[in-house]
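J.: Can you read through this structure? Questions will come right after.
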Amino acid sequence: MLRSHCMEFSEELKTLKDQVRFDGSFRTGTFSNIVIAGMGGSGIAGRIFSEMYSAKPVFVCDDYHIPEFVDGNTEFIAVSYSGNTEETLSAAEEAIKKGAKVHAITSGGRLSEMGVDTIKIPGGLQPRSAVGYLTMPIINTFIRPKHEDIEEAAGLLSDLDKNNTVQENIATEIYAGRRIPVIYGSTPYRSVAYRWKTQFNENAKILAYSNYFSELNHNDTMPLRDTYRKDEFYFMAFDSTDERIRKRIEVTQKITGTSFKKIEARGSSLIARIFYLIHFGDYVTYHLARIRNVDPQDVSAIEDLKKRIS
């Protein structure tokens with residue numbers, strides 16, 4: 001059951017800590033850029049990392065092909081939980097041909113047989129339920145967070161495991177109005193807003209939309225004021241420590257006549273706040289799936305698509 005996988009998230013963080021990383025020193029001067037390839041639940045790892053790391057350029061590749069700049073100075077990380085993701089395998093093969101330093105995070109499959117530096121993670125999960133296993137090796141390798149920051153994150157996640165009534169109430173409100181979730185983030189939580197969107201898609205089996213401040217003020221502002229059937233959407237916005245973003249959130253609500261459900265990140269460290277928000281969204285979507293009486297782990301349509309195009 002997905003709930004049990006949710007509750008394993010904090011244990012993933014405690015288990016992985018900073019001892020799980022790729023081989024090599026990865027000193028800043030030894031590479032020019034980082035490319036992280038991954039799709040779906042595996043692809044979120046690169047998106048999360050890209051908002052936490054800025055010492056070198058980070059490119060998230062969710063395609064068959066890699067960017068032209070990839071060369072021998074590129075640290076290329078292929079992330080595929082199954083090890084058989086078509087797009088990621090194609091990208092990894094191209095990276096090898098271009099002489100990049102290629103690494104992999106996977107539970108097995110063809111990716112584990114490519115002969116590259118590989119971190120093997122436990123199997124038997126849905127990729128989206130293995131976000132800790134998929135993300136922490138990258139964070140540990142390039143950022144090396146403090147032990148106490150990871151412990152803080154694990155503790156906050158454990159608290160959510162014990163009490164997720166707030167998340168259940170949000171799910172109930174969404175279901176009661178048969179509303180479409182809209183999730184607004186801002187740096188460094190843009191990828192988390194996208195993660196929420198995909199969790200609503202896969203877990204609760206409903207459409208959802210995500211965007212981020214302040215970019216959304218250059219496009220979403222007009223429809224927020226003038227669109228039809230606005231009452232069919234459920235708007236949520238992550239709070240920000242940036243006063244300019246906070247002001248934008250408040251002014252956007254006032255001039256468009258829209259109310260946002262404010263979601264506040266907890267934790268003193270960035271890694272704690274990011275993983276807290278991820279876990280928060282996981283529970284909202286789990287509860288919505290339960291209320292809708294749908295199996296949150298069912299991905300039969302996705303598997304059918306893969307079979308038909310293979």
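We number each residue from 1, going along the chain as drawn.
Backbone N, Cα and C define each Cβ position, glycine as well.
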J.: Pick the one from Arg128, Arg178 that Swiss-Prot also lists for the D-fructose 6-phosphate site with Gly41, Ser42, Ser80, Ser82, Thr85, His218, Lys306.
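T.: The one candidate that Swiss-Prot places in that D-fructose 6-phosphate site: Arg128.
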J.: Reported as an integer number of Å, what is the Cα distance between Ser80 (D-fructose 6-phosphate binding site) and Glu202 (active site, proton acceptor)?
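T.: With distance taken Cα to Cα, Glu202 (active site, proton acceptor) is 17 Å from Ser80 (D-fructose 6-phosphate binding site).
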J.: Of Ser42, Ser80, Ser82, which of the binding-site residues has the most Cβ neighbours inside 10 Å?
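T.: Counting Cβ neighbours within 10 Å, the top one is Ser80.
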J.: Between the Cα atoms of Arg128 (D-fructose 6-phosphate binding site) and Glu202 (active site, proton acceptor), what distance do you get, rounded to the nearest Å?
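T.: Computed Cα spacing between Arg128 (D-fructose 6-phosphate binding site) and Glu202 (active site, proton acceptor) is 9 Å.
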J.: Mind tallying the domain 'SIS' (22-152) by DSSP state, helix then strand then coil?
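T.: Across the domain 'SIS' (22-152), the residues distribute as 54 helix, 25 strand, 52 coil.
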J.: Taking all residues of the domain 'SIS' (22-152) together, what is their mean pLDDT?
T.: 93
J.: How far apart, in Å, are the two Cα atoms that lie farthest from each other among Gly41, Ser42, Ser80, Ser82, Thr85, Arg128, His218, Lys306, the residues recorded as binding D-fructose 6-phosphate?
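T.: Per the listed residues, the maximum Cα distance equals 38 Å.
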J.: Which is it, of Arg128, His218, Lys306: the one of these binding-site residues whose Cβ has the most other Cβ atoms within 10 Å?
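T.: Checking each of Arg128, His218, Lys306, the winner is Arg128.
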